[in-house]
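Residues or ranges marked as domain 'PUM-HD' in TrEMBL: 142-486. The repeat 'Pumilio' feature in TrEMBL is assigned to 203-239, 240-278, 314-350, 351-386, 387-423.
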Amino acid sequence: MSFLPLSSSVFFNQHGSPIASSSSQNQNPFHNQTDQPLEDAFALLSVSPFDFNYSPNNHSFENPTFLTPQRSNLYDQTHDNNAIIGRGLPSLHDFWVEYETERGHVNLNNGSCGSYSSRNNNGFHYSEAYVNQTSFGGVLGNDQFLLGNRFNVNNGMSNQHWLNNLRGRVVLLAKDQSGRRDLISIMKRLKVTSNETSFIFLELLDHVAELMVDPFGNYVVQKLVEICTEEQRALIILKVIQHNLLLIRICLNTYGTRSVEKLLENITSQQQRSLVISALSDGAAILAIDANGHRVLLHCLKNFSPEDNKCLLRVVANHCFSIATDKTGCCVLKECVNYAHGETKVRLIAEIIMNAPLLAEDAYGNYVLQHLVSPKAPIVTECLVSRLQGKFISLSCNKYGSNVVEKFFEEAGDQHKICIILELLCDPDVARLLVDPFGNYVIRSAILGSKGSIQDTLLQLIQINSAVMQTNVYGRKLLEKFGNERLRRS
């Protein structure tokens, strides 16, 4: 392939078409411009740092950004001065085709690489018109970055040459929507122990934290932890736990929580598991109430042993009340109770019971208490009844507390039901439950959940107060359901 020399008398107009220069035209673009700054002179050359393997961005792992990254637009960069770069970065697909061609021992014999570059080997840009007119270009379209003959295609591209052309660019590709697709496509075809896998791993390692929270980079990290070795995975873990609460911050991110879940799925050694659990424990209380972070916490509960999760559950128990009264936290706390074992479970339940009076009247905490009421755990139920003793009348008139009292009548044993009903009947204000917006449901559940003399006493209460109940919308509902029940039974 022969490129147009700089001394040629061919120039390009604003539309990229070639025009011949007259003899009176000065062929030196810097003629009579000796006074202009050096930067302007280089600007006319449109020299790009990409041809010298300089990375335009300075990535710093020490201070990773957790703001939502913007698209890098690596595939949409254009330049003026009657020159064009087809792409800011090469298409990985084209690189891979070249590499695979070499591995297949295919001699291209001066044919196209399947792509072209609008730069010559010296880093200068040619106009699009010129490139389109050359017989060598092998143009696939302006939306492709084409490699041209920057490589010796007659001898094929070597493994090292292919890697060198990606050096310093993998992170940028991972952050680009199209680039990450190409990168993942290549990673799917690599072997775990291959040099290419190690190369990509080393390129990404120092930026793994920022990639985990990147809209596109997180997919690359998820693929990386699948194909890397156990030793490489250990290095990734060390990177994300070496800074205080860095792993927690990643988990709180929409994209980061997916990356961490994938990392946890591929952990194979107890040492790695212990490192991650230890780092997560510092922020377990935060994770439990976060819409994203709780996913990581639940993943640990479901996939790691109770012994592994001890540290996590201990922190959850210490922050029981704040977690139980949170919309997300109440669901997480119920799962913690389900997956906890032994002493850890006893500690967790004890903390919940201690806060029972406040949790019962909370919009979310009441669900945690209801979860503990079960015929399979009579001791826990008995402890709850004892902790709430003397408060059942007030709870019955509370929007959320009434749900807890009803749960006792539905799930608790007979002795616990009788204990609660007797407390209600012995209270001088028991009649107000008959006309209360929430208390009437408690009375209804008490009647349905009791039998014998206890049930008769409740029905008698309705008969005695029927006159007052007739004037109240909630009282009338009770009368309609149970008003004639005692008469029918007698």
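The chain as shown is numbered from 1 upward.
Yeah, the Cβs are placed from backbone N, Cα and C, and that goes for glycine too.
Predicted automatically and left uncurated, TrEMBL annotations should be read as such.
Note on the repeat 'Pumilio' (203-239): DSSP counts are 29 helix, 0 strand, 8 coil. Counting residue by residue with DSSP, the repeat 'Pumilio' (351-386) contains 26 helix, 0 strand, 10 coil.
Across the repeat 'Pumilio' (387-423), the model assigns an average pLDDT of 96. DSSP assignment over the repeat 'Pumilio' (240-278) gives 29 helix, 0 strand, 10 coil. According to DSSP, the secondary structure content of the repeat 'Pumilio' (387-423) in residues is 28 helix, 0 strand, 9 coil.
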